[in-house]
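*Asks:* One structure is given below, represented as structure tokens, and several questions about it will come after.
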Amino acid sequence: MTPHLALCFILLIQQVASQKCPSQCDQCPEEPPSCAPSVLLILDGCGCCPVCARQEGESCSHLNPCQEDKGLYCEFNADPRMETGTCMALEGNSCVFDGVVYRNRESFQPSCKYHCTCLNGHIGCVPRCNLDLLLPGPDCPFPRRVKVPGECCEKWVCDSKEEMAIGGFAMAAYRPEATLGIDASDTSFACIAQTTEWSACSKTCGMGVSSRVTNRNARCEMQKQIRLCMVRSCEEEPGWHVEKKGKKCVRVRKTTKPIHFHYKNCTSVQPYKPKFCGQCSDGRCCTPHSTKTMHVEFVCPQKRIVKKPVMVISTCVCHYNCPQDSSLLQVENARFPGLKTNL
């Protein structure tokens, strides 16, 4: 059955159900039923009483509907009176991954690290390893993933600043961040999404850039993304919050007056009140710990309007593993030469 024809059946079922529904919802049990895991508790076809959604292959009716969010509908072909049917799955487009064809809503594991599902011609995958959920703490500004013999998932280890300078790559206390305006659960990509963390800002003060590499695009090709970033202002701006006496570090500072971002010869259209990382008096440096990305409109010469991704600081961390200005960005450029950028 095609999705269009199935939709017509669903509308017809709802019309029949409306003819058999009571005028008042006063016969529901006092306690709602207990449903099996992954089975939703929904209202019956009359919109009165809570019932457990029927699953694929189970009997169904207007009072016991199927779980529609799983692509199920009640098939009444065997009952001309349309009173009792069977939950069936809507047909959808199949998926092809690594030469293997998967049916709509079929789940599979392309590797031990990912669990994927075919959703009407598109493949959506979720990681099975919890590296991004159990991140190192603020005392580990230079985390590195290592393979463990005999195990599928990698583990975090903390390197010192000296070890990273020899031949490694550090993110300088950066952590995975949320991108404002972008749906991270988008399943329109027919490949396993891979995205590195954002690099440290190329400037310790003033406007700089940070970058990451991702394949989240229509062609699933690895591309470098660049965003503007400002860890702190190079000049002491009026309106800073004054730190308390006796404190050696101020992790986060915020202006009381809105400011405009400046990029080359362009200025942000709207003023903002961003958070900046503070300073320490005991030799430690403060770098972003949790960030987001938002798109900011800039007005350029000839009144040209452009949008640029800009880092938004949520929290900062103070530590002794201080990154050198621009060094981490130069290391990343050496690791991914020739990649297209978005800035």
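Backbone N, Cα and C atoms are what each Cβ position is placed from, and that goes for glycine too.
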*Asks:* Quick one: Swiss-Prot says C87 makes a disulfide with which of C66, C95?
*Replies:* C66
*Asks:* Looking only at C25, C35, C60, which is named in Swiss-Prot as the disulfide mate of C48?
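*Replies:* According to the record, the bonded cysteine is C25.
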*Asks:* In Swiss-Prot's disulfide listing, C318 is paired with one of C234, C266, C277, C280. Which one?
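*Replies:* Out of the candidates C234, C266, C277, C280, the one Swiss-Prot links to C318 is C280.
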*Asks:* In Swiss-Prot's disulfide listing, C49 is paired with one of C28, C35, C60. Which one?
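*Replies:* Record-based pairing for C49: C28.
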*Asks:* Can you tell me which recorded positions out of C87, N265, C286, C300 are within 10 A of C21 (disulfide bond) by Cα, answering none if there aren't any?
*Replies:* none
*Asks:* Tell me the Cβ neighbour count for C87 (disulfide bond), meaning other Cβ atoms within 10 Å of its Cβ, over all protein chains shown.
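*Replies:* If we count other Cβ atoms within 10 Å of C87 (disulfide bond), we arrive at 22.
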*Asks:* Just to be sure I understand: of C74, C87, C249, C266, which disulfide-bonded residues have a C-alpha no more than 10 angstroms from the C-alpha of C318 (disulfide bond)?
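*Replies:* Among C74, C87, C249, C266, the ones whose Cα sits within 10 Å of that of C318 (disulfide bond) are C249.
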*Asks:* How many whole Å apart are the CA atoms of C46 (disulfide bond) and C87 (disulfide bond)?
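*Replies:* Rounded to the nearest whole number, the Cα-Cα distance is 18 Å.
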*Asks:* Let's see if you can do this one: DSSP helix, strand and coil counts over the domain 'IGFBP N-terminal' (19-90), in that order.
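*Replies:* In the domain 'IGFBP N-terminal' (19-90), the DSSP-based counts are 5 helix, 19 strand, 48 coil.
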